[in-house]
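Below is one structure, written out as structure tokens, with a few remarks after it.
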Amino acid sequence: MAVLQVLHIPDERLRKVAEPVKEVNAEIQRIVDDMFDTMYAEEGIGLAATQVDIHQRIIVIDVSENREERLVLINPELLEKDGETGIEEGCLSIPEQRALVPRAEKVKIRALDRDGKPFELEADGLLAICIQHEMDHLVGKLFIDYLSPLKQQRIRQKVEKLDRLRSRA
């Protein structure tokens, strides 16, 4: 198990479209485990492989209070979405920044689990929002892409300043 480095904007690798996982094997399972370690270490609720410079369609999520409800989505597909909602979202790749993002209230997805078994899931609330957020990462999209150009620029400047301060520390 390992904690991986999370990419931050403006790193262009965050914009790369992830490739489907061809086979769920021990290497993919190790990536999943490392992604959970990374997500928990960074105090996140979701992480897409793209964020750790692995360009495969893998997502890990745990929105539970006790951090014991791991959800693995390999090659996720959005089947249905319904309603409208939105919360102030944050992102491990855009540290300490939040913004209101419009999302579907409910989603239905199909994916493979950690063992490569197919399943379908209907989700609402925070889980539905998190799934949509992480699936965006797999196609190179970030939550700031939903914002005005001015807000995007302000957030980028704040993150770049934060990264400069951290690199000096």
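Including glycine, each Cβ sits where the backbone N, Cα and C put it.
Listed features, source Swiss-Prot:
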{"type": "ACT_SITE", "residues": "Glu134", "note": "active site"}
{"type": "BINDING", "residues": "Cys91, His133, His137", "note": "Fe cation binding site"}
Listed in sequence order, residues not in Cys91, His133, His137 with Cβ within 8 Å of the centre of the Fe cation site Cβ atoms: Gly46, Ala48, Gln51, Glu89, Leu92, Ser93, Glu134, Asp136, Leu142, Phe143
Among His133, His137, the most crowded of the binding-site residues [Cβ within 10 Å]: His137
Nonlocal residues around the residue listed as 'active site', in sequence order (Cβ under 8 Å, 6 or more apart): Gly46, Leu47, Ala48, Ile59, Ile61, Leu73
Cβ neighbour count (within 10 Å, all chains shown) around Cys91 (Fe cation binding site): 28
